[in-house]
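Copied from TrEMBL, the annotated features are:
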- 1-20: compositional bias 'Low complexity' (COMPBIAS)
- 1-34: region 'Disordered' (REGION)
- 53-71: transmembrane segment (TRANSMEM)
- 91-112: transmembrane segment (TRANSMEM)
- 133-152: transmembrane segment (TRANSMEM)
- 158-177: transmembrane segment (TRANSMEM)
- 184-201: transmembrane segment (TRANSMEM)
- 207-228: transmembrane segment (TRANSMEM)
- 284-307: transmembrane segment (TRANSMEM)
- 345-369: transmembrane segment (TRANSMEM)
Amino acid sequence: MSEASPGSPDSPRSPSSARPEQAGAAPSGEDWLAEEMADLDAERPPRATAGKVVAQLVSALLVIALLAWALPWATGASWGEIAGAFSSLPLWAVPAMALLGVGALLLESLTVRAALPGSRWSPALQGHAASSATALAVPGGSILGLTLMGWILRRAGLALPVILTGIMAASLVEMALTSVLIPVIGLGAYALSSSLAPAGIALPGALWAALLAVLGALLALAATALLLRRSVLTWLLAHSGQSVPEHIAAQILRIRDSVVEVLRHRAAALTLPTAGARLLQWGALLLAIEAVGAEVPLLLTVAIFALGRVLSLVPLTPGGAGVTEAVGGAALVALGVGSAQAASAMLLLLVTMLLVPLVCGGIATAAAFTTAPARRAR
């Protein structure tokens, strides 16, 4: 591979190379990045504030409360009935859910690796696992999770422009597939549900909620695509006045060019692993329904899975935990699945969608902090 230009995704530099070389020198775009994103310093792991810790505890309590109250309410089964149905699950059920969760996490990390030319798979996997767990555990934890991923990648020797390029490219793929394509497919299945089952999916407001979520995601994707046009971004930066200095604007344009280059030349490597991860998660829903002894038309399982992905965007809890299970259980009951069986299926799916990412991400985060170099004395 020929040597890439500075700031391109193919030109990883050591963490120290992003710092100003001479005191008093004019700041370059990459120097600005090093100052503005100091949390990504390889020697300074990001720290959760006391507020974040409290928010995490409150979020965990809210998820538990939602599951304790909303799941029985939505399905019409008592916790005694749910526990009885769950205890009668086949022995393979929970291990299968765990394996599917691990498989989805591994596939998602391949997308992250593809978005970071020159990186190794190990830090990409560790960074993605830690980031995913943080986003699921902390309200509004996506930014903290991305910062944690960036710090792990910096420790692996990647330059800030490469990290920013990779995060933006992977995030755009995630938005296009999970927030737009899957809900659109689910809406199609939802519309056909009445012709496939007499009961259909009788969830008041669910269709409108899905439509609004898809519309919002489409608008966000369209706005992002517009901003990725160099002429538009250049015009906006040129008319920003003094709020965006010239050296920062130049770096923003270089990062934009790198993102577009990655999206153009690595489209398959970016999209296929994430699509495969969503297929594994849908497969987990199918196995959960099979494990409780229920039968649901295949197309309707697509609608239920897509509805769950839409509800995961609900900001009430991280990843929509608690809300997704309650609504999914109600959907299964509406399709004729027994109340206790529907609730058990949703709890089983929770292993794939929530427990595995949290456990794997917790292990990845602990490993990263354990092996972090001691902060230099000041």
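Placement of Cβ uses the backbone N, Cα and C atoms for every residue, glycine included.
Curation plays no part in TrEMBL annotations; they are all automatic predictions.
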Which of 91-112, 133-152, 158-177, 345-369 has the most Cβ pairs closer than 8 Å to the transmembrane segment (53-71)?
133-152
Stretch among 91-112, 158-177, 284-307, 345-369 sharing the most Cβ pairs under 8 Å with the transmembrane segment (133-152):
345-369
